[in-house]
Amino acid sequence: MAIFWKHVTRSSSLLQRFKRHVTVANSGHHSHFLPSRSVTTSEGHRPFIVHKRSLDILHDPWFNKGTAFSMTERDRLDLRGLLPPNVMSTHLQIERFMVDLKRLEVQARDGPSDPNALAKWRILNRLHDRNEVMYYKVLIANIEEYAPVVYTPTVGLVCQNYSGLFRRPRGMYFSAQDRGEMMSMVYNWPSEQVDMIVVTDGSRILGLGDLGVQGIGIAIGKLDLYVAAAGINPQRVLPVMIDVGTNNEKLINDPLYLGLQQHRLDGDDYLAVVDEFMEAVFTRWPNVIVQFEDFQSKWAFKLLQRYRNTYRMFNDDVQGTAGVAIAGLLGAVRAQGRPMIDFPKQKIVVAGAGSAGIGVLNAARKTMARMLGNNEAAFNSAKSQFWVVDAQGLITEGRENIDPDALPFARNLKEMDRQGLREGASLVDVVKQVKPDVLLGLSAVGGLFSKEVLEALKGSTSTRPAIFAMSNPTKNAECTPEEAFSILGDNIIFASGSPFSDVDLGNGHIGHCNQGNNMYLFPGIGLGTLLSGARIVSDGMLQAAAECLAAYMSDEEVLQGTIFPSISRIRDITKEVASAVIKEAVEEDLAEGYHGMDPRELRKLSQDEIAEYVKNHMWNPEYPTLVYKQD
């Protein structure tokens with residue numbers, strides 16, 4: 001798949017059409033013109049018509065500007081006298097908020113068991129409830145500091161405590177008690193247009209298990225990143241919880257738990273609820289994209305296969321995790337000073353065979369096969385590069401009741417005999433015998449990469465072995481960077497799912513800790529799918545996203561051990577990933593266009609013009625001018 005695209009001829013008639021769409025009104029934004037074609041957003045930033053005023057505006061977080069309302073707006077919206085007289089700039093508003101946040105961090109804690117991260121989440125959440133624009137302005141400006149607060153690892157703590165943290169409704173809840181009513185329920189959501197839905201059933205939140213209805217915290221956190229990283233308009237996102245009960249006995253017996261206090265539905269009853277939800281949301285919003293999040297392995301693959309060829313949807317745990325892992329694996333090859341085309345030669349030991357582990361295995365196998373010729377022989381050859389270890393040890397063909405999803409990666413018994421391994425061999429034994437290039441952890445078992453396992457990796461035949469401790473949240477990471485670098489020295493590549501600090505190795509040497517988090521990909525996959533109007537999210541679009549991320553870092557950065565970029569560059573990364581997804585959707589003839597851009601016009605855009613098209617459709621947190629009109 002080409003990373004670089006050919007420049008194409010442009011038509012003057014299309015140029016005129018784009019110019020007619022340009023609107024610059026009270027926006028704080030500037031239209032961006034390339035030398036020969038405008039690809040600015042067709043939405044622009046016109047004054048926004050509202051049908052409420054006075055206190056109703058101040059209590060609506062979508063339109064509230066707080067002290068930033070101008071005097072003319074205060075008159076138009078009957079706000080004069082309801083706010084202090086000093087009109088503040090957004091810069092001063094943020095400065096005032098940040099001073100308050102730093103002061104309240106400790107005071108907002110609910111006793112010694114409530115960490116500062118959760119206190120920060122509380123304060124940010126209150127801002128979110130009051131003023132959406134300012135919330136996202138703060139989040140984008142401080143994304144490195146606050147991404148771990150609104151997303152992993154703090155979001156895990158939020159989900160565990162969500163019944164106690166719940167204050168104001170955010171998102172929608174479809175429960176097993178709502179069967180037969182979802183088609184009408186979906187019209188209770190006030191937005192006429194929804195672009196992105198993140199949905200969970202709470203059955204496997206991160207590595208924390210079944211958290212039931214409290215899992216909606218993960219959907220809220222993911223959509224915060226869709227807004228901050230991809231510039232999806234916050235008025236067009238919808239977090240969703242499908243509550244079919246919980247098998248967490250502690251929650252069932254907790255009188256303060258907010259969800260259904262019954263055991264989970266299963267089988268056809270479960271499918272009927274999810275089917276009805278999908279039909280309802282796509283009936284009201286035919287062009288919405290639905291991201292499935294933290295469904296237990298039992299259902300993750302089944303639901304993906306059930307819907308992926310019918311609806312615009314993807315599963316981030318299966319496909320997003322796989323894409324980030326592929327980008328990291330290709331980056332590890334580059335860090336060895338080798339071309340990415342050498343990836344099929346890598347020996348990879350994978351710890352974990354859940355939805356994330358199997359998703360990575362399938363994607364890595366397809367990537368290797370494509371590099372080897374993309375035929376059946378290449379596909380069969382590629383699977384020999386993987387050794388999969390789960391809770392019962394090495395998976396071989398001798399295992400009884402083997403998971404069908406893991407079966408393609410089960411090792412041949414005779415071959416394992418020659419390697420000195422057997423069915424159920426321990427991770428330490430597998431690492432000793434295989435001498436892998438990569439040790440990839442997707443097990444959700446904290447500390448799984450013990451001292452013995454890391455010592456065994458010293459025997460790797462690689463010039464620079466890679467350790468990927470990808471499980472979230474932080475306490476579930478298979479090992480820490482300090483443990484890896486202290487045992488194996490500085491000549492390794494280290495990546496984790498949750499953020500860790502770099503390690504000072506002394507003598508001016510730094511052990512780089514790469515955060516291989518899904519946030520690098522899912523916002524760009526969603527944005528690229530939206531702006532291309534692709535009918536489905538194809539394997540090719542996901543592969544394009546992964547390859548784009550793998551190629552993002554410079555050769556110099558990669559050779560220094562940095563294979564993933566800084567979170568501070570997340571909007572630029574997302575723009576590049578979205579552009580790659582759009583280009584692939586066009587090449588696969590899946591694109592149906594978006595607003596004023598039809599697929600024929602998309603096909604005529606150069607690489608730079610696609611990037612500009614994406615950039616100009618990314619929402620920025622600027623206060624619009626509000627005009628009241630009686631409903």
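Heads up, the Cβ atoms here are built off N, Cα and C, so glycines get one too.
Because TrEMBL annotations are produced automatically, they should be read as predictions rather than curated entries.
Features reported for this protein in TrEMBL:
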type	residues	note
ACT_SITE	Y151	active site, proton donor
ACT_SITE	K222	active site, proton acceptor
BINDING	R204, N472, N517	(S)-malate binding site
BINDING	E293, D294, D317	divalent metal cation binding site
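Nearest by CA distance to R204 ((S)-malate binding site), out of the recorded positions K222, E293, D294, is D294.
Among the recorded positions Y151, K222, N472, the ones whose Cα is located within 10 Å of the Cα of E293 (divalent metal cation binding site) are K222.
Comparing the recorded positions R204, K222 on other C-beta atoms within 10 angstroms of each C-beta gives the minimum for R204. Each residue contributes its Cα atom, and for D294 (divalent metal cation binding site) and N472 ((S)-malate binding site) these two points are 12 Å apart.
Remark: N472 ((S)-malate binding site) has T152, P153, G156, L206, G207, G497, S498 as non-local neighbours, by Cβ distance under 8 Å and separation of at least 6 in sequence. Of all the recorded positions in the list Y151, D317, N517, the shortest Cα-Cα distance to the residue listed as 'active site, proton acceptor' is found for Y151.
Within 10 Å of the Cβ of D317 (divalent metal cation binding site) there are 26 other Cβ atoms, across all protein chains. Around D294 (divalent metal cation binding site), a 10 Å sphere centred on its CB holds 26 further CB atoms from the protein chains shown. Calculated from their C-alpha atoms, the gap between Y151 (active site, proton donor) and N517 ((S)-malate binding site) amounts to 10 Å. Counting only the Cα atoms, the space from N517 ((S)-malate binding site) to D317 (divalent metal cation binding site) is about 11 angstrom. The maximal spread of the (S)-malate binding site, taken as the longest Cα to Cα distance among R204, N472, N517, is 17 Å. The divalent metal cation site is set by E293, D294, D317; from the centre of their CB atoms, other residues of the chain with a CB within 8 Å are T200, R204, I205, I218, F292, F295, A300, N315, D316.
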